[in-house]
Ligand code: ACO
């Protein structure tokens with residue numbers, strides 16, 4: 001049986017020019033390189049300058065993905081941007097990326113699922129592409145999380161970074177089995193009862209301010225390792241695949257310990273895990289496309305490879321998508 005699949009045509013990313021090391025942070029708050037590396041695996045992160053807004057980072061990542069796909073921006077009829085740090089409350093960052101690329105047709109909108117935003121965005125684009133509602137989608141994860149941080153709070157400010165990544169997805173016919181190229185399944189979940197564990201203490205509808213990120217780190221850690229693996233098991237079950245079939249596991253890059261504990265729990269070999277948290281920190285919705293692009297650029301992810309992406313974010317929201325590259 002033939003069916004439409006959302007096939008990856010191109011991948012790209014962009015990082016702000018300024019690199020901030022753990023030692024740089026230790027000069028500002030009471031922390032150390034050793035503590036940060038041991039608890040998180042993070043060695044450095046990129047931090048956006050004032051002129052590097054989320055849409056600026058998103059446009060550069062999108063341009064890089066369009067170059068990789070070797071297609072003209074005017075053929076894109078859907079732009080989705082996953083972000084929690086839009087340039088403005090409105091219009092959406094997706095429309096600013098669309099305009100920056102010179103695209104004036106099709107649909108564009110943001111998705112807000114915090115660190116799970118890119119998985120939500122891929123799943124949403126897949127629904128558009130496989131129902132014929134769009135033909136070529138640009139899916140961007142772009143963040144300037146540094147703007148949400150309380151730089152006096154050592155328990156959070158050491159964890160995050162800024163950046164953007166993007167995929168070009170195109171509707172192509174497939175056979176309807178797990179050997180097809182494209183998005184094979186996506187699994188999305190949310191449980192808003194966990195709000196207090198990870199949130200921003202402001203917003204246009206409450207305080208009228210942007211607010212700062214607040215987190216109960218231990219609770220997030222426990223939930224991330226304890227509960228989130230369900231969406232990966234469900235992706236395997238939905239496609240008749242197993243951890244052994246995977247070529248690459250590309251999880252949200254929050255913390256090396258969370259990633260390795262999740263991979264171990266699922267029986268995914270450590271050498272299949274793509275890790276960029278050491279260089280990028282946690283870039284929220286941008287972390288997965290940044291990691292995908294790093295692994296494509298260095299030749300690890302190749303056409304035909306089976307790639308699992310997975311993330312958990314504030315809400316909590318979480319999800320997975322299994323993609324044959
Ligand atoms: N430097 C030095 N010491 C610190 C720092 C720091 N940056 N931050 C906290 N500490 C201290 C604490 O004050 C505490 O000191 P105390 O024992 O005297 O009270 C001690 O270190 C231990 O603190 P814990 O919070 O118990 O440390 P823990 O081992 O839980 O590690 C961490 C903290 C890294 C945040 C961990 O809980 C974690 O990774 N949680 C997941 C959160 C996460 O990754 N969130 C990202 C956003 S959500 C997402 O993307 C999914």
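Glycine residues also receive a Cβ, built from the backbone N, Cα and C atoms like all the rest.
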Checklist outcome for this item: Between the ranges 238-242, 243-247, 248-252, 253-257, TrEMBL assigns region 'ACP-binding' to 253-257
Next on the checklist: I'd like to know the mean pLDDT over the domain 'Beta-ketoacyl-[acyl-carrier-protein] synthase III N-terminal' (109-192).
Outcome noted: 98
Next on the checklist: Please give me the CB contact count at 10 A for residue 252 (active site), counting all chains in the structure.
Outcome noted: 33
Checklist outcome for this item: Using a 10 Å radius on the Cβ of residue 282 (active site), the other Cβ atoms enclosed count 22
Next on the checklist: Using Cβ atoms and a strict cutoff of less than 8 Å, what residues sit near the region 'ACP-binding' (253-257) while being 6 or more residues removed from its termini?
Outcome noted: 39-42, 115, 159, 221, 224, 275-278, 280-283, 287-288, 290-291, 312
Next on the checklist: Is it possible to list how many residues within the domain 'Beta-ketoacyl-[acyl-carrier-protein] synthase III C-terminal' (237-325) are helical, extended or coil according to DSSP?
Outcome noted: 38 helix, 22 strand, 29 coil
Checklist outcome for this item: Counting across all protein chains, other CB atoms within 10 angstroms of the CB of residue 115 (active site) number 33
Checklist outcome for this item: Between the C-alpha atoms of residue 252 (active site) and residue 115 (active site), the distance in angstrom, to the nearest integer, is 7
